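Database features (TrEMBL):
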DOMAIN    20-241  domain 'Xylose isomerase-like TIM barrel'
ACT_SITE  142  active site, proton donor/acceptor
ACT_SITE  239  active site, proton donor/acceptor
Ligand SMILES: O=C(O)[C@@H](O)C(=O)CO
Ligand SMILES: [Mg+2]
């Protein structure tokens, strides 16, 4: 199995650009992160190159994260901003040689119905899927559980399936986050096997607590067995909050 270290959650004891080397030293093969945008593309690319790791995924610009922004793809009236943000992400993807982009839906604005937000999301995703295809980058959407991210525009699995079916573009796929699936009450293994043709990236953390696999109640032996038997060839992102120092909590990889 190919594991990538999510540098937005792992190795936060180091500055962002130093996390690449830390992940390499611990034997990861790839890295992913929410935001490379605080540094110029070439600077992030150089950190990745020096570490010898491949960048497998990052997110479209979320806006001001500390102010609560989570992207704008589902927000009416934000089409120009959304398109500019996808083009900015493509610049980074090119510099980083990264083949995947998680397109953040954003929070549903006050006064906008969920149906209106979903229609805007579908419209923007159709444009983005095509634009990203031209750059050789796969677009991904990820349902995020509503307890951790209340008000987010994509908070259920059935909604993600409906959106993917409506956009109907080969270049738009599903980011399957095992932790969010469990938090949403889904049967993690059954849904993974059913949705396999749509999935282009997996992320893992245990529930509750969002710590290392094996720290909570998700049946990770079954999850890893399912991933192995499925023939899934993609990356599995370690996207959890380390219970202590990141390097001390990597024993789960030997049991995977
Ligand atoms: O699961 C998550 O939270 C992430 O994958 C993400 O991209 C947004 O926070
Ligand atoms: Mg995730």
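Numbers run from 1 along the shown chain.
Just so it is clear, glycine is given a Cβ too, placed from its N, Cα and C backbone atoms.
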* Quick one, of the active-site residues 142, 239, which Cβ has the fewest other Cβ within 10 Å? -> 142
* To do: Using C-alpha atoms only, work out the spacing between residue 239 (active site, proton donor/acceptor) and residue 142 (active site, proton donor/acceptor) and round it to an integer in Å.
  => 13
* Could you pull the average pLDDT for the domain 'Xylose isomerase-like TIM barrel' (20-241)? => 98
